[in-house]
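Peer 1: Below is one structure. I have some questions about it.
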Amino acid sequence: MKRTHHHQENGGYSGEASYSMENTTGNGLDLGKAEMMCWEEDNFLEQQQDTGEDELLAVVGYNVKNVDLADVAQKMEQLEMMMNSSVHQEDGFLSDAVHYNPSNMSSWLESMLSEAELTLPPNFDTSCLAAAGLINYNEPFQSSSSIDDNLFIVPPTAESSTTINFPNPINPQIYNTGGDEEEEQQLNPPISDYDLSVIPVNEPIRPVVLIDSSQENGIRLVHTLMACAEAIQQDNPKLAESLVKQISLLAVSQAGAMKKVATYFAEALARRVYGLYPQPSYDSSFSDILQIHFYETCPHLKFAHFTANQAILDSLVDSNRVHIIDFSMKQGIQWPALMQALAMRPNGPPKFRLTGVGPPQPDNTDALQQVGWKLAQFAENLHIEFEYRGFVANSLADLDSAMFDIRPNETVVVNSVFELHQLLAIPGAIEKVLRSIKEMKPKIVTIVEQEANHNGPIFLDRFTEALHYYSTLFDSLEGYGYSLSPLNGQDLIMSEMYFGRQICNVVACEGVDRVERHECLDQWRNRMKSAGFSLSHLGSNTFRQVNSLLSVFDGGSGYKVEENNGCLLLGWHTRPLVASSAWQICDSNIKSEVN
Amino acid sequence: MMKKQRSSSIGSETELSNLNEDMLFEILKHVDAPTLAKASCVNKKWKKTSNDERLWEIICTRHWVNIGCPEAQVRSVVLAFGGFRLLHSLYLRPVLKATAQSQNKSSTIPTKWGKDEVHLSLSLLSIRYYEMMDCNYKGRQK
């Protein structure tokens, strides 16, 4: 824009200063418009020549392609900042280096910048990242009233300074999070990266004024997180590294849920960038402890257990012998409530056989057996005939139906809470397990899973989904956990760690190690259907009971249960978090139970 | 001690506080939960009588709709896991209060207690018992 002035004023080109685009406050928008008109005129003139190179610069001896102009301008600015900052240093980077012929502007700048080992300067204005999403190269210049929905413009305030930057190739998504996590909008679909070389010459570049606001740091943080993920996606480790450092700095300045989420994501990104992949966690006793605290602070597990138990209870109406196979045994906290409900059946409780499956313990204690004893004692209080067996397995895929010793005349129930998604890390595993389940001919299969798609093929998509999901989760911890037990900070911290480990796995791991492969309810529906199961609708009494449960523990803070085609979803405000469903074998020979 | 000081002056109060245990028990059968709770704060004798599980069972079951289960069964379950007094204070009362609030009724406890609330309370009671059981239980004690 300032080029118009140069036409008239000095006609000569005086290095990088003339391309500095600093604009003072207050007249930003107005000036922008006026200058834009001139710019348009310029391009109109240039069209006539159509040599692909900037005419004016060529006159004074610099060859700059039109398509590179924006890039060049930005690099100039960076270079200027670099030079200013290195003024006081003894070893000026200009001293010994050999640089390319400055007449080839782009490559000369490139060499200068890479020589100086450019890292983004501390005051690198991420507004340029925001601006990246705002430039729409397919539209000719229009008045500001028809600006893209993505545009983030705040009226200028007196005390802030503005910088207009040309867009940077990194193209993150725009979030309107600010500090108000609970009303996070849906993410905008990713805008495809633009390649400067395909920009038609006669399209004007619309400058944008971005003013600092009070939520600036939060937005910057999100932008930087996204930019880092994008850099990783594009295999740009150097940029990713510098951005990771940025994130850590920005995260410190945040507070509350945002800070915690950002810290965990920052650590996960750092692990990925530096190749410090966390060891697959065989320390299941620790994760058991974390889960106990998680049980206390969040209703997720309670929701899971209550819905599953109700479905199981409904399916056991006519049974005298039940054999429950639990893939998610852990501390066995799901089963006391079921046993108590069975004890209160009018015709008395059935014979209760429980087979628990769990991972190996690092310290050779038999945790499964201990849980078994505890449940046995509990069952004794209820005068229920109880039988228990524990199976230790590294993966559910190692089991087969013969191991479970299914006896005739017993009603088989299979239960899995937050376990099946781990099988998706190994090809063919989930199919094998579902086949084994079918062979056991269960009356009902209860499945509870996280409601999120953290298993997409593209890293950036997974990252975005995870960021959204875990932000909501941490929000719910803030809102719910504190009101529940304000003095019990330990439970809260443990719950956060519980989620933190998941975040680390989703972001930093790949292949077999990435076990937190959450998928959405619809994906599980399809999978179960193609494996030969049909949905068994969860009844309305289940819905009512869970609502009562939530109202006791929740006290009106954000958790909601909603019904979704026979399944139940637990969500925080508008975002579903956990999905619970029940399945039976779809077989025309077996009369299906009508609920 | 207060009673002894007063016994010479006000006759009617003495009679009430020296009430026969059985008589007290019969009277307390008919009071509501808050009154029963207050009664346990009067003195040791009253506390012993008021904490009787049978009285709290009456409080709990008085307004239960038919929960589809014989009384004896309910009794054995509840007594095994902590008793009716505990059930009421920890779970029945909060559950009902929360349900009433969520349905935008007045915050006083409704007179009819539905199946769902009862079953929920019983489940929570049993979970609590399980959580508080000794984790290192290794062998059958009998």
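In case you wondered, yes, glycine gets a Cβ from its N, Cα and C as well.
A quick note: this is a predicted structure, and the numbers were derived from the prediction, not measured.
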Peer 1: What range among A:420-424, A:445-449, A:480-484 does TrEMBL record as motif 'LXXLL motif'?
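Peer 2: Among A:420-424, A:445-449, A:480-484, the range TrEMBL annotates as motif 'LXXLL motif' is A:420-424.
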Peer 1: Looking at the candidate ranges A:267-271, A:272-276, A:322-326, A:342-346, report the one that TrEMBL labels motif 'VHIID'.
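Peer 2: Here TrEMBL associates motif 'VHIID' with the stretch A:322-326.
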Peer 1: Are there residues at least six beyond either end of the motif 'LXXLL motif' (A:420-424) with Cβ under 8 Å to its Cβ atoms? List them, or say none.
Peer 2: 327, 395-397, 430, 433, 447, 449-450, 455, 515-519, 524
Peer 1: Average the pLDDT scores across the region 'Leucine repeat II (LRII)' (A:370-402) and report the rounded value.
Peer 2: 90
Peer 1: For the motif 'VHIID' (A:322-326), what does DSSP give as the number of helix, strand and coil residues?
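Peer 2: Taking each residue of the motif 'VHIID' (A:322-326) in turn, the totals are 0 helix, 5 strand, 0 coil.
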